[in-house]
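Asks: Pasting the relevant annotations from TrEMBL:
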TRANSMEM  12-33  transmembrane segment
TRANSMEM  45-65  transmembrane segment
TRANSMEM  77-100  transmembrane segment
TRANSMEM  138-159  transmembrane segment
TRANSMEM  214-235  transmembrane segment
TRANSMEM  247-268  transmembrane segment
TRANSMEM  275-292  transmembrane segment
TRANSMEM  338-360  transmembrane segment
């Protein structure tokens, strides 16, 4: 008998293991190793170029071969990325590691949500998906906050030992994923593998051609999310320049991540709020956070990161829930990956520009 509580609990645990790390403040770690903000911006661009190439194929593979299998592949990519970073001595090897991290993200981004929604649909509890999405974002923010709080530990023990610890968490995560139950899409899996892949891609494109509203939601959410993510990334390097004590850097980064938790829970209090109003509020908060980055006070800069994360995650929860209701089950992972695809397109444009702006503006 299918147990939805156990299934969701395992998805939550997998998310914890996938997001908790001593290397959360990777920008700070690279900066401490002597890499410039421009080089870090290049590495971020490589991440999104890789992501944009493999995002849609990974979603199709999840719908065709199974969401559980692709979560396993994602975990393996994370393990390989950690190994590559341990042996990195220049920007090229750093980019190899970053590319593998991107593949890890690709194979998990739409897959976990697709498995969760269809599992809840099977149990008749899909109405609670927005709460699930809120919980997942809370897990992401808490784990990211703890990870960045451990930035001092990573710098103290060295990046090799820090990334070595990720190998251990990957092994545990693989065990958790192996115990999950696969939930197939609504359509029968007929035909050859290539035919099934082609059919999935064709049906997904057909859906997007008709559902212009879904594309609009994806683009709005991706733009706000990209601006927030870039702000939080570069604040890791900018806060020390404003004189924040080393012992307080991790606490400041944790504070900023806490903003996402507030946003993901706050949006649940307004189930009937119009999407345009939610978007306007989120965009306003992120803009305020960007302006706060120019303050001479590291306290105001950190508060800016906090309110930007609040707006970002509030919009993410509402957007994801609306999109999942629109998506057909048999192409759910593919279509969820389209949102990540749009995010990567925006990030490819903004990442190198942000590296220049945060350095010279």
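Cβ from N, Cα, C; glycine included.
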Asks: Under a criterion of three or more Cβ pairs within a distance under 8 Å and sequence separation of at least 6, are the transmembrane segment (214-235) and the transmembrane segment (275-292) in contact?
Replies: yes
Asks: How about the transmembrane segment (338-360) and the transmembrane segment (77-100): at least 3 CB pairs under 8 Å, pairs 6 or more apart in sequence, or not?
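Replies: Counting Cβ pairs under 8 Å (6 or more apart in sequence), the transmembrane segment (338-360) does not reach the transmembrane segment (77-100), since there are fewer than 3.
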Asks: In terms of Cβ proximity under 8 Å, which residues at least six beyond the ends of the transmembrane segment (275-292) contact it?
Replies: 217, 220, 224, 227-228, 231, 263, 267, 300-301, 303-312, 314-315, 318-319, 322
Asks: If we skip the immediate neighbours and take only residues 6+ beyond the ends of the transmembrane segment (247-268), which ones have a Cβ under 8 Å from one of its Cβ atoms?
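Replies: 25, 28, 130-131, 133-134, 137-138, 140-142, 144-146, 148-152, 232, 235-236, 239-240, 278, 282, 298, 302-303, 305-318.
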